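Below is one structure, written out as structure tokens, with a few remarks after it.
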2 protein chains.
Amino acid sequence: MKKLEEIILSHGEVYGKDILKVDSFLNHQIKPKLIQEMAEEFADHFKDKNITKILTVESSGIAPALLTGLKLGCDVVFARKQKSLTTDDNTYSSTCYSYTKEEMKRLMVSKNFLSEEDNVLLIDDFLANGQAAKAMVAICKQAGANVCGIGIVIEKSYQDGRALLDDMGIDVYSLARISHMDGKEIDFID
Amino acid sequence: MKKLEEIILSHGEVYGKDILKVDSFLNHQIKPKLIQEMAEEFADHFKDKNITKILTVESSGIAPALLTGLKLGCDVVFARKQKSLTTDDNTYSSTCYSYTKEEMKRLMVSKNFLSEEDNVLLIDDFLANGQAAKAMVAICKQAGANVCGIGIVIEKSYQDGRALLDDMGIDVYSLARISHMDGKEIDFID
């Protein structure tokens, strides 16, 4: 998505080789029209997969997931992040390590909102090490739901997440794929 | 909003006189078309206020805020909740007590995304004691921004929040106003 790449270049803040801050349009302030264009890309790519539910993670996944759900005509569920590692009997859950926050989190989804009849599209803002994506896949497996693919706004292609999901046979569709980042420089995979 | 009242009656789960769980369409699973109808109500009510920015709180405020922003043509900012009470020099922040989670939270908004030139519409999922709303108003005051009003999905009118905001002279527009709740019974103010 060319427009997204341009906005990452003009508005993203890069710190070293790993941290890309996109607080001005995705992670803190949200630009609704831009998110709508992202959602149109996701909906177009996955339109023939008979998606019955979108699963994302709070908070930054909610905006692109909601507008994709509106376009595809399906409900959206956001997994809750809990620092507590306790489980609730009525939830599916999986732990993942957050590299940006340097802590373990448990993602939880109520059993009421995911079932073996669901064809699930996963949506997330970033794909880096793939930890959150892997946890969402694990949650779908617990529910017996079918994972149809994953839509990512920004993929750091030089980290392990993409390969991890490719190896699981999951259709990964990323709107911007960063091959290299360093201070002022950001390169994309076309 | 009659349709919302009906969905609260059919899908809401009431525990005692205080807790209303609406996880099936607002707080965990989201119904995009219903949220769009809410956003149309908000946008219609506040359309003449020259709103330049919407401020909400993660996570459940994001969906109605995003679609209202799309309709009004303005950006949305979601305040981040931090359990830590430390401040960051580059943020506006205010603490509030969460009665449902029984803990103090600090709401934070980057100084980059709110200014004295903004006419701000606040949006939130619930209004009960008004603690989160009050913190959002405080953040706007720190930024020198003008608060044009607040859009609430579900107001518990028998709690203090509404009176608190009325006393501050803020235009409160709630889509469903609950006058009384008790086990199986929910009454609305027409």
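Placement of Cβ uses the backbone N, Cα and C atoms for every residue, glycine included.
Xanthine binds A:Leu20, A:Lys156 as TrEMBL records it, and from the list A:Asn27, A:Asn146 the residue named for this site is A:Asn27. Reduced to three states, the DSSP call for A:Leu20 (xanthine binding site) is strand. Among the binding-site residues A:Asn129, A:Gln131, A:Ala132, the ones whose Cα is located within 10 Å of the Cα of A:Lys156 (xanthine binding site) are A:Asn129. The distance from the Cα of A:Ala132 (5-phospho-alpha-D-ribose 1-diphosphate binding site) to the Cα of A:Asn27 (xanthine binding site) comes to 16 Å. A:Asn27 (xanthine binding site) sits 18 Å from A:Gln131 (5-phospho-alpha-D-ribose 1-diphosphate binding site), taking the Cα positions as reference.
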